[in-house]
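Engineer: The structure's right below; bear with me while I get my questions together.
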Amino acid sequence: MKVLILAGDGIGPEIVGQAEKVLDFVAKKHALNISVDRALIGGIAVDETGHPFPAETLEKAKAADAILLGSVGGPKYDLLPRNIRPEQGLLAIRKELNLFANLRPAQVFKELSHASSLKDELVAGLDIMIVRELTGDIYFGQPRGIEERNGERVGFNTMIYSESEIRRIAHVAFQAAQKRNKRLCSIDKMNVLEATQLWRDVVTEVAAEYPDVELTHLLVDNAAMQLVRAPKQFDVMLTGNIFGDILSDEASMLTGSIGMLPSASLDENNKGLYEPIHGSAPDIAGKDIANPLATILSVGMMFRYSFNRNDIADEIENAVKTVLSQGFRTKDIATKDEKVIGCKAMGEAVLAALNA
Ligand code: NAD
């Protein structure tokens, strides 16, 4: 198993450092042959090579089985031309590796349900997985542009999905549902958009191959409403790129803990890029106060989805639950009466829980 580590900018090196300790620990414990390589991405890559996604990083990323990424960006780079901003590194790696399936869990750990903007009883125990198509839809469709028509400017984009694009992401979602509570809700806007009528038709066809998974469909506006009305009704939600962009942010904010949420972006062979959903948090970088748990949980997802080791993924998730129940909190998830520890100490607490 070849893992490439891209620590990136801001708090990236701090949080990835703790996640790497967890990776080392489980590799030794289970006698796994994991080789780790490192490369540059984002602002640090701009500083050292002039480009946010250097050719050497692409080579190493292609050779890896899985990639662990910290975060990229920061105010230092805000004035750079758009094509060499750190975020371009992220877009480039997703595109170059054809990472079309984005998996974003929104999970509320019971000790943290008070952090949500919704009432405790609505979110306690919440555990949703959003499967978002990441390389198609209106973001990439042609034609697109802004042009002069009839004496005024007109802006336009094209929502487009091919049958094969829908089919491959539907398989990912059904298989994710099989590993969970076997319920899949597919999101579309078939009442007005033909592209999403096809989406619904193809997802329904694929369902025939997964008789153990219960499939439902919801229009996107209703889905947005249901997510804040009764989010626990969902198990896996399947969406196209633009609807998923919005709904996955809505779902993650229900948890109230941006420092807790991991993500995976997978290709057709389950090679994956794993990263926390948060950014580089420049306001707290270098202070040893960042929460490393989202990155540690991203390592858990790596074992679940790229290495097919649900047992190790469960071990890591259980270790995180243990440290929360022991009362350990980084600053972002602490309430007044709890003991606040730093990034390194949180990493050590997870190692201790894994060791117990
Ligand atoms: P952010 O997620 O970096 O930070 C938002 C807030 O959450 C900040 O107050 C931050 O301190 C806090 N926070 C985030 N992660 C935390 C953690 N692990 N522990 C404790 N607190 C945490 O979002 P932003 O401030 O809008 O963006 C900062 C930079 O990150 C920008 O340059 C942006 O482009 C970049 N960004 C990168 C990614 C990525 O790498 N995938 C994603 C989003 C934003």
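Cβ coordinates come from backbone N, Cα and C, glycine included.
From TrEMBL, for reference:
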| type | residues | note |
| --- | --- | --- |
| BINDING | 74-87, 279-291 | NAD(+) binding site |
| BINDING | Arg94, Arg104, Arg132, Asp221 | substrate binding site |
| BINDING | Asp221, Asp245, Asp249 | Mg(2+) binding site |
| DOMAIN | 2-350 | domain 'Isopropylmalate dehydrogenase-like' |
| SITE | Tyr139 | site 'Important for catalysis' |
| SITE | Lys189 | site 'Important for catalysis' |
Engineer: Taking just the CA atoms, what is the gap between Tyr139 (site 'Important for catalysis') and Pro86 (NAD(+) binding site) in Å?
Structural biologist: 19
Engineer: I'd like the Cβ neighbour count for Arg94 (substrate binding site), meaning other Cβ atoms within 10 Å of its Cβ, all protein chains included.
Structural biologist: 17
Engineer: Out of Gly74, Asp245, Asp249, which binding-site residues lie by ligand 1, with a C-beta less than 6 Å from some atom of it?
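Structural biologist: If the test is a Cβ under 6 Å from any atom of ligand 1, the answer is Gly74.
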Engineer: Max Cα-Cα distance in Å among Arg94, Arg104, Arg132, Asp221, the residues listed as binding substrate?
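Structural biologist: Farthest Cα pair among residues binding substrate: 28 Å.
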Engineer: Around Arg132 (substrate binding site), how many other CB atoms lie within 10 A of its CB?
Structural biologist: 27
Engineer: Which entry in the list of binding-site residues, Asp78, Asp221, Asp245, Asp249, has its Cβ near the fewest other Cβ atoms, using 10 Å as the limit?
Structural biologist: Asp78
Engineer: Could you tell me the C-alpha distance between Asp78 (NAD(+) binding site) and Arg94 (substrate binding site) in angstrom, no decimals?
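Structural biologist: A Cα-Cα distance of 21 Å.
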Engineer: Who sits close to Gly74 (NAD(+) binding site): which same-chain residues at least 6 apart have their Cβ under 8 Å from its Cβ?
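Structural biologist: The answer is Asp9, Gly10, Gly43, Pro86, Ser280, Pro282, Ala285.
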